[in-house]
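Undergrad: The structure under discussion is supplied below as structure tokens; questions concerning it will follow.
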Ligand code: AMP
């Protein structure tokens, strides 16, 4: 805003003159005065009346002028000035030419920055502020007091902050005030809102600063280029603070331009607490695979199902169960008598147990799936499209009483056996095919703390219980059990065996072979067995290195010293308890050069550790047998003690078998077992009890010869990772150890035989872990309850029978190693004897890995089951073969599993075992039945 023109100043001047000047090449009108030689100059030049905009109380005055140097006037320097003054006078109206000096107030003295020297006439520009104006207008006046000055221009202006739009608010043009910041209120633009009045500040310099309280587009509008524009169709903006319109969420649709929300598409709903901006969801589909399992004893039905394939896109799935009972054609709701565990509605798990059902009725159970929008959907108008509010599957169930065992009868009595039978009611109804009886018995007068229960699972109502003690009273209990769960009422009775007269041996497959031994009293130390044929031979006996006062003497007695220079270590092949195990070469004078294994003692050992380390050599050095690892010698006279043994190329047996799962024919496996049994017979002959016989402690060479290794005094205690501390403080590899050795540390060759049975199982199962993932505690409990490992797949029946013999509770009845050697020899001589394969007999089963989901619930799908046994890669094979429910899977035979393309023996085995386990799931464990 400039008030300026060349005439502006022409109205009133005293001694000032108007002239056209040429300055620095340009033409200017100027008002000038130059009375430098005269005293007391007071020459005024006044502007016309300058109308003031009411709000412009502060104006700027910009002057362009030229001042001459007083020194350029000879003799005038006394009176000559180089400054002039600026005055102002306010008025409400133009006073014309009336001029009264006294009405003017001095604003400032103006001095040039540069003055004119010689011919140079620099133009000065100075700006001064005139503030605090309040009347309608004002005059400016310039007072010359004796300078030589020419004013070229006067610009009078004020500053404004221009009209603007900031943050969707518009602010008017505002004159910059005399305060640093003046507050300016604005208004939100169209379709924008703000909580408080939008505000901004205008500075003295006409700049907008510090906007506060912004405007935002209202719902349905978004800001595009500082304007609130409607959301496009299919987009919405629900809240003021959101910036942009968003795409309508899943299962919703827009209504047109400017949507603040997107309503659900028909058939989809929002639950009450769903955000109105979120997606809508549908109703769940029907629950799948609804199955009812009866638990006969308790009037209980277990309903299980799988979640619906379509959850409506929600996670808040619940289920409710309806029960209807039908007596003939008349059906009605089950009513309140029936109990549901955990509840009949609001179920989050896919199972419910229904109890207090009556017998002989047809029950129909309906399971409905609900989700968060079920309520909203049923509120919606009946004309609303969409699926029904519930989906259901129905299963019917004929619920019957479990048969009850009513009486037990003694059919035959002998010194070591009793034949029993029992009567079942109701008789008229044939018990289901899957019906079995659990017969539990124990000696009547056993000390209760020490009672041994024997449990047999039978599919007949009679049994001959053998292996009993003569003239002893036994307590028997029979309980019916079904596939669906535990059984009905049990009955208990006691019967006594006859006094010993003529001993009857149990009619076991291997009995004829071993019974001979039973009647002989054994000779020699308790801890080892002697075969009758060898009894007369004087036997070399193993000497415990501990019997030597100085264990170093023992080492030297049984092992030859090797100079370390004769040993070359080549490669680490394993880690022993005391240090690394190397493969190397032994080049000692007088010996054939050859590969050896070198066990080292790691530095920092104590004397005790050194002795323990070398004790293995003291023991090994006493043995010389094809199937015992051979000691080559020891290094004891040098700092780094070493034990040098023959080198076994194929390493530990368990790993070797796992690496060759299914590749080795049975006869060869039996051959390996024969070797091990030979080594064990040798050890037992020497009265050496190994205590840690396990496939991991058998080494295999290139000829697949198996040799027993891992001797040494501390090994069971320290070395074996399988070792578990027992209550008595010792460390015992539970799953390989006989019960009496676990219970009261009775380690004998008979307990080694038990371990050999486990090794047999490991070998026939290609290195499978005995008892799979059962805990040590579960293993001990199971063994104590007469449960035994089932036959490995494709295991010759005779071999499995031998295992079972090795695992007889009573250690005296177990075969001895010489018996085992001769039986295995016999089997190897007539390979046909290996052709009969032991059954996967469900009566001889054991709880298997992953018989149910991790929470104990049944598997909901075949793929879930396969995943749990890490066999997911076969999901497609099962699906393609139409095996889509667990029910179907349970009926698969080994042949079927092979046929759908599971070829690898290990996998086949894993799957078959798991199915076996699933079948027997309800009885959890079962029994080695005689
Ligand atoms: P050990 O301390 O005896 O259990 O040995 C540890 C590991 O070293 C074994 O599991 C084998 O893998 C390996 N090893 C020990 N002795 C021999 C041997 N004589 N020949 C080959 N490997 C052996």
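Keep in mind that glycine also has a Cβ here, set from the backbone N, Cα and C atoms.
Automated prediction, rather than curation, is the source of TrEMBL annotations.
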Undergrad: Which range, 336-355, 356-375, 376-395, does TrEMBL list as region 'Disordered'?
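TA: My reading of TrEMBL: the region 'Disordered' range is 376-395.
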Undergrad: TrEMBL has 573, 574, 575, 576, 577, 578, 579, 580, 581 down as binding ATP; which of 599, 608 does it also list for that site?
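TA: Within the candidate list, TrEMBL flags 599.
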Undergrad: Specify all same-chain residues, apart from the site residues 573, 574, 575, 576, 577, 578, 579, 580, 581, 599, whose Cβ lies within 8 angstroms of the center of the Cβ atoms of the ATP site, ordered by sequence.
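TA: Apart from the listed residues, the neighbours are 600.
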Undergrad: Check the recorded positions 34, 70, 80, 148, 579, 692 for any whose Cβ is under 6 angstroms from an atom of ligand 1, and report them in sequence order.
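TA: Near the molecule: none at all.
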Undergrad: So for residue 575 (ATP binding site), how many other CB atoms are inside 10 Å of its CB?
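TA: There are 10 of them.
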Undergrad: Name, in the order they occur in the sequence, the residues of the same chain whose CB lies under 8 A from the CB of residue 573 (ATP binding site) and which sit 6 or more residues away.
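TA: Looking at Cβ-Cβ distances below 8 Å from residue 573 (ATP binding site), excluding near sequence neighbours, one finds 581, 582, 583, 597, 651.
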Undergrad: For the recorded positions 577, 692, which one has the sparsest Cβ surroundings, going by other Cβ atoms within 10 Å?
TA: 577
Undergrad: So among 575, 577, 579, all listed as binding-site residues, which is physically nearest to residue 692 (active site, proton acceptor)? Use the C-alpha atoms.
TA: 577
Undergrad: Measuring Cα to Cα across 573, 574, 575, 576, 577, 578, 579, 580, 581, 599, which the record gives as the ATP binders, how far apart are the two most distant ones in Å?
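TA: So the maximum pairwise Cα distance among the ATP binders is 14 Å.
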Undergrad: How many helix, strand and coil residues does the domain 'SAM' (857-921) contain under DSSP?
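TA: Across the domain 'SAM' (857-921), the residues distribute as 43 helix, 0 strand, 22 coil.
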Undergrad: Can you tell which of 70, 80, 148 has the least company, meaning the fewest other C-beta atoms within 10 angstroms of its C-beta, among these disulfide-bonded residues?
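TA: Looking at the disulfide-bonded residues 70, 80, 148, the Cβ with the fewest others within 10 Å is that of 70.
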Undergrad: Using DSSP and collapsing to three states, where does residue 577 (ATP binding site) fall: helix, strand or coil?
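TA: SS state of residue 577 (ATP binding site) = coil.
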Undergrad: Near residue 70 (disulfide bond), which binding-site residues out of 575, 577, 579 have their CA within 10 Å?
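TA: Cα within 10 Å of residue 70 (disulfide bond): none.
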